[in-house]
Every structure is written in structure tokens, then in C-alpha cells.
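Pulled from Swiss-Prot:
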- ASP8: active site, nucleophile (ACT_SITE)
- ASP8, ASP10, ASP132: Mg(2+) binding site (BINDING)
- ASP8, ARG9, ASP10, ASP16, TYR17, GLY18, TYR19, THR50, ASN51, GLN52, SER53, ARG106, LYS107, LYS133: substrate binding site (BINDING)
- ASP10: active site, proton donor (ACT_SITE)
- THR50: site 'Stabilizes the phosphoryl group' (SITE)
- CYS89, HIS91, CYS103, CYS105: Zn(2+) binding site (BINDING)
- ARG106: site 'Contributes to substrate recognition' (SITE)
- LYS107: site 'Stabilizes the phosphoryl group' (SITE)
Amino acid sequence: MNKAIFLDRDGTLNIDYGYVHEIDNFKFIDGVIDALRELKKMGYMLVLVTNQSGIARGYFSEDQFLQLTEWMDWSLAEQDVDLDGIYYCPHHSEGKGEYKEDCDCRKPKSGMLLQAIKELKIDPTQSIMVGDKVEDLKAGIGAKVKMNVLVRTGKPVTGEGEGIADYVLDSIVDLPRILKRLKK
């Protein structure tokens with residue numbers, strides 16, 4: 001069984017400008033790539049789990065999302081960071097057409113994490129969810145991951161978020177240091 005870091009995207013890995021779907025508007029948060037590289041060296045799989053309601057709302061197409069995701073994946077790979085899995089939810093209960101759905105994959109539900117756990121043979125009791133919203137943490141809790149980490153690089157941290165997070169960090173950049181300290 002593998003251990004993994006489940007990663008939200010917008011506000012965790014990249015600056016959240018709102019419905020980011022174009023390469024020109026995608027900017028990694030300072031230090032994120034180095035942190036991801038360090039987490040890989042520590043033996044963690046890196047698994048992206050991202051809600052993309054902009055697809056359901058008609059703000060951008062699934063093809064536009066996939067094009068940006070492919071670019072992001074290549075950008076990381078060029079810097080020795082390989083994502084082991086990419087999972088996304090294009091649905092929203094108030095969406096349009098085929099994407100209007102109250103699904104099991106949209107965080108705070110745990111469907112994306114549970115699918116990754118099954119497909120990638122991940123041990124949730126050795127794994128971590130990192131995100132900038134309560135919904136991210138609730139998905140991690142529902143999937144029974146070992147640790148849920150809230151980062152301050154996206155949405156404002158709420159009291160509810162602080163209450164359910166195992167750690168609240170300024171950025172994912174701080175996570176490798178915390179994990180090394182806990183290992184001692």
C-alpha cells in the first residue's frame with residue numbers, strides 16, 4: 001500500500017484568481033514546486049483532487065480544463081515532480097446540462113479520494129489531504145485519511161476550518177518540515 005498527499009489545486013498549488021482555466025492565468029504559489037519535490041522524496045504519491053464547477057457553470061469547457069491540466073502536469077514533470085493521479089469533478093448541483101448533478105465526487109464528498117485510494121492502492125491511514133477550504137478537509141475526513149491540513153494560500157481560513165484541521169499552515173511549503181518533525 002502507498003502513502004499519498006491528496007492535493008487541492010486552486011488556492012493550494014496555484015493562486016486562485018477564480019475559475020482558473022487558461023495557462024496565462026495559472027501561477028504556482030511560491031515554493032510549491034520545491035515542496036512537492038520534497039514530498040516525493042519522502043515517499044509520498046502526489047494525487048490531485050480538484051472541484052471544477054466552472055465546467056458545470058459553463059464558464060469554461062472540460063477540454064479547456066484538460067488542456068490546462070496537461071500543461072500543469074508537464075510543467076511539474078519538467079521540474080522533477082510527477083503527479084501520480086489527477087482526479088477532478090466537473091459537476092455542480094446548479095450546473096448546466098450533463099454536468100448538473102449532485103454527485104459523489106464533488107468535495108466535501110469523498111468520491112475522488114476513494115477512487116484514487118482504490119485505483120492507486122493508497123493506504124488512507126498513512127495519507128494526508130491538503131487544501132484551502134473546509135470542503136477539502138471534509139473530503140479527507142470522509143476518506144479516513146490520517147491528517148488534514150488547511151493552508152492559508154487560498155480562501156480565508158474559518159473557525160470551522162481551524163476546528164477540523166489537524167494543522168493550519170501558511171502554505172504547503174511548510175508541510176515537508178512538519179512531516180519530518182513528526183517522524184522524529
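Each Cβ is built from the backbone N, Cα and C atoms, and glycine gets one as well.
Distribution of Swiss-Prot features across the structure.
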| residue | record | contacts (Cβ under 8 Å, 6+ apart) |
| --- | --- | --- |
| ASP8 | active site, nucleophile | VAL49, THR50, LYS107, MET129, VAL130, GLY131, ASP132, LYS133, ASP136, GLY154 |
| ASP10 | Mg(2+) binding site | ASP16, VAL20, THR50, ASP132, GLY154 |
| TYR17 | substrate binding site | ASN25 |
| ASN51 | substrate binding site | TYR88, CYS89, ARG106, LYS107, GLU135 |
| SER53 | substrate binding site | CYS89, PRO90, HIS91, HIS92, GLY95, ARG106 |
| CYS103 | Zn(2+) binding site | CYS89, HIS91, LYS109, GLY111 |
| CYS105 | Zn(2+) binding site | TYR87, CYS89, HIS91, GLY111, MET112, GLN115 |
Residue among recorded positions HIS91, ARG106, LYS107 with least C-beta crowding, 10 angstrom cut-off: HIS91
CB-centroid shell, 8 A cutoff, Zn(2+) site CYS89, HIS91, CYS103, CYS105, site residues removed: ASN51, PRO90, GLU101, ASP104, ARG106, LYS109, GLY111, MET112
Beyond the site residues ASP8, ASP10, ASP132: chain residues whose C-beta lies within 8 Å of the centroid, for Mg(2+): ARG9, GLY11, THR12, LEU13, ASP16, THR50, GLY131, LYS133, ASP136, VAL151, THR153, GLY154, LYS155
Cβ packing number for THR50 (site 'Stabilizes the phosphoryl group'), 10 Å threshold: 21
Neighbourhood of TYR19 (substrate binding site) by C-beta distance under 8 A, where only residues 6 or more apart in the same chain count: GLY54, ARG57, TYR59, PHE60
Protein Cβ atoms within 10 Å of CYS89 (Zn(2+) binding site), excluding its own: 22
Around the Cβ of ASP132 (Mg(2+) binding site), the count of other Cβ atoms that are within 10 Å: 26
